[in-house]
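Marked as domain 'HAMP' by TrEMBL: 179-231. Annotation source TrEMBL lists domain 'Histidine kinase' at 239-449. Positions annotated as transmembrane segment by TrEMBL: 16-38, 155-178.
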Amino acid sequence: MNIQGTKSPQSLQKTLGIGLTLGVSLLWLLALSGTVYVSQNKLNQLFDSALAETAQRIMPLAVVEIINREDPQQAQQIMSFEAHDERLVYLVRDETGAILLQSHNADPKLFNETLLEGFSSSETHRFYGASAVQNTLHIEVAEPLTQRREAIIEIAVTLFWPLILLIPFCFIGTWAFVRYSLRHVLAYRSAIESRGSGDLTPIKVNDLPVEILTISESVNHLLGRLRRALESERSFTANSAHELRTPIATALAQIQHLQQEVAAGPIKDRMLKIEATIRDLSNLSEKLMQLAKAEGGGLLSTEEHDLISLLSLIVDDFQRSKPVSLIKLTLPQSGEFMSDIDLDAFAILIRNLLDNAIKHGTKDQPIEISFSSEGVLSVINAASLIPAETLAQLRQRFVRSNTAVQGLGLGLAIADAIVSGVGARMTINSPATGRVDGFEVSVDFTVIKN
Ligand SMILES: Nc1ncnc2c1ncn2[C@@H]1O[C@H](COP(=O)(O)OP(=O)(O)OP(=O)(O)O)[C@@H](O)[C@H]1O
Ligand SMILES: [Mg+2]
């Protein structure tokens, strides 16, 4: 259910799934950056020490080579033993910067112009410079930076790959785990959803998490209070209506008795009016008792009954007490429709619908009652049209449309309470289906079974 003006509710599964996946990904990226940073430092130290080592190893060889030459000032390029891609290149220069010896692939333009000692870097290379023979000879070894960069990129990529797998795994894993952990809460939700509006018994779901347990206890507590309040209201109505029966019957008997003793005249007329009023009072107490029953529990019985044979009994009985010749009852040729609706409740429902059809229907027009083999009861009578907005309110207590005849406006409220109490569905149509006028009430009993 959406409460207007508030944001639409979010699924806990989705929020946790997204939140945890984002968190884990972020932590992974942080760990990755840390690893890359530390590895880069360590790699640089390693590469640097190898570079310095190489320079110090080559230097004595170069010194011997240069000193043993006929003309030591003659620049010489060391020939390679076989063609290979040199990673480390070096240059040996004298104190003026003149090149005395260079490795076969060395490009002098790459090197520092000034003769530097120790480590230095250019855009593309890392250098290590050292001097020997009283600073008359200077060696500089260069190593391209691409090697170090490649190594770092490889480490970063290797560490990044698992994240691609981690994201869906983390999301699906959280989703499934949250669903598993919430299974009792979901059971609680469907227990609430599946119960009828009149069911106020405590909701029982086992193994609820502590966070929800208190809520469920409070809800049950509230339901209990509501049930007791409604029950006391209903029993008060039923009891008072019941208590009224005897005095009303006594008053009615006495006024009828008195009428016989009085001759026709104004006093007799007044007595007739009193009798009519007492009859209305009797009707009211009868309807109030029916309403109290309809709105109370106990609308379903433990046994199943065949509604088709029950309906024909009730209609027969009704015709005997109020002789009307025009009731047309249509029942399926064979078969039965079993339902666990309480016998009395079903009889009250049918009597109210028939009572209405006789009271409000056009006189001398047939009343059609049918019960389909699928379990749909329909009562149709001729009547003038009722505007849609009035029609929609007829189920409410004390709402009437036809005020020409006596009534209280409780019949349809009683019928509606019974129908919704047993979980069936009632529709009211004016005009009746397939007609231009008339009034139709149909009750679908199939829903009770599902
Ligand atoms: N079969 C029907 N044909 C035409 N109008 C109907 C029919 N049934 C109900 N109505 C209309 O719906 C109104 C409400 O019906 P409801 O049974 O609740 O009250 P009532 O019949 O007027 O009084 P009560 O049943 O309490 O004696 C009626 O006043 C009438 O206008
Ligand atoms: Mg009625």
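Using the three backbone atoms N, Cα and C, a Cβ is placed for every residue, glycine included.
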Which residue counts does DSSP give the domain 'HAMP' (179-231) for helix, strand and coil?
37 helix, 0 strand, 16 coil
Spatial neighbours of the transmembrane segment (16-38) far in sequence, C-beta under 8 Å, 6+ residues away:
152, 155-156, 159-160, 162-163, 166-167, 170-171, 174-175, 178
Looking only at the domain 'HAMP' (179-231), what is the mean pLDDT?
87
